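Notes follow once the structure below has been shown.
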């Protein structure tokens, strides 16, 4: 059975019969990502420090006849057919596992870029599991929900937890990380989709050391100093596949107050950390003016 962390408590009061249930599919940001091996079944083993800043896709669910999904938002057109969406796969699996006789109407506002290394599809599937568990009054701690998350994809269990954590194995062995210092965060995607399998295929070294023990971090500078000793092992192969990532990293490193710039996941999204949200907001504004063709989001680690 996959290791699980209890999902976050609902950020809203318990729903009444008229109000939609809302859940965020928060962006997943890999502050560090080491590839430590490859299993016989082809899955890669990882050791990664992950945070979930308070920005992402928005999911609403209501009672409905059968299961249905509508998609809106700036990146809706980049998704495939609704029936093959991870949200619908999550809903169908949850309904079957608990033999739920009710349906649901799901509405997804797609605000995160697709195939961008920040877990959009996985976060949406996790949001669906949380929201439908509330709608159908299921116990969010039931181990069947964690099992469904693991079957949907390697990133879904960590997105179900949606809190700072360290993930190992294929992403299914989760350990909560407490007391990370707050930091300003700027996320950038050059509007280039990256296929994760292609990045792993290009990876030259698959047996790398794990992260090691996480120290206590007195402040944001201590966090970024430690992160500078770590890596994202997928960054080099992603640069070969999508050279524009180098432009993004260079731009982030040049921003006033940027403490660390790195790619998240398999790309092409990258991030920079700042001492506080004020500095991050100013940096994001300057970058947006210089690169209006890029997707840029100012948020925070907390």
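From the backbone N, Cα and C atoms, a Cβ is placed for every residue, glycine too.
In TrEMBL, annotation is done automatically, which means it is predicted and not curated.
Annotation source TrEMBL lists region 'Disordered' at 1-21. The active site annotation in TrEMBL covers 28, 155. Residues annotated as domain 'GHMP kinase N-terminal' in TrEMBL: 85-161. TrEMBL lists 113, 114, 115, 116, 117, 118, 119, 120, 121, 122, 123 with the feature ATP binding site. The domain 'GHMP kinase C-terminal' annotation in TrEMBL covers 232-289.
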Alpha-carbon spacing, residue 123 (ATP binding site) to residue 28 (active site), which is rounded to whole Å: 7
Tertiary neighbours of residue 121 (ATP binding site) (same chain, Cβ under 8 Å, six or more apart): 85, 86, 114, 153
Taken over the domain 'GHMP kinase C-terminal' (232-289), the model's mean pLDDT: 98
Distance [Cα-Cα, Å, rounded] between residue 155 (active site) and residue 28 (active site): 9
Between residue 28 (active site) and residue 119 (ATP binding site): CA-CA distance (Å): 5
Binding-site residues compared (113, 117, 119) - the one with the fewest other Cβ atoms within 10 Å: 113
Nonlocal neighbours by CB distance (under 8 Å) for residue 115 (ATP binding site), same chain, sequence gap 6 or more: 78, 193, 194, 195, 196
Shell of the ATP site beyond 113, 114, 115, 116, 117, 118, 119, 120, 121, 122, 123, same chain only (C-beta within 8 angstroms of their C-beta centre): 27, 28, 112, 265, 269
Cα separation, residue 28 (active site) to residue 113 (ATP binding site) (Å, whole number): 12
DSSP helix/strand/coil residue counts for the domain 'GHMP kinase C-terminal' (232-289): 31 helix, 10 strand, 17 coil
Alpha-carbon distance [residue 28 (active site); residue 117 (ATP binding site)] in Å: 8
Neighbourhood of residue 28 (active site), C-beta criterion under 8 angstroms, separation at least six: 50, 52, 118, 119, 122, 123, 155, 158, 159, 264, 265
Surrounding CB atoms that lie within 10 Å of the CB of residue 155 (active site), all protein chains: 27
Surrounding CB atoms that lie within 10 Å of the CB of residue 123 (ATP binding site), all protein chains: 28
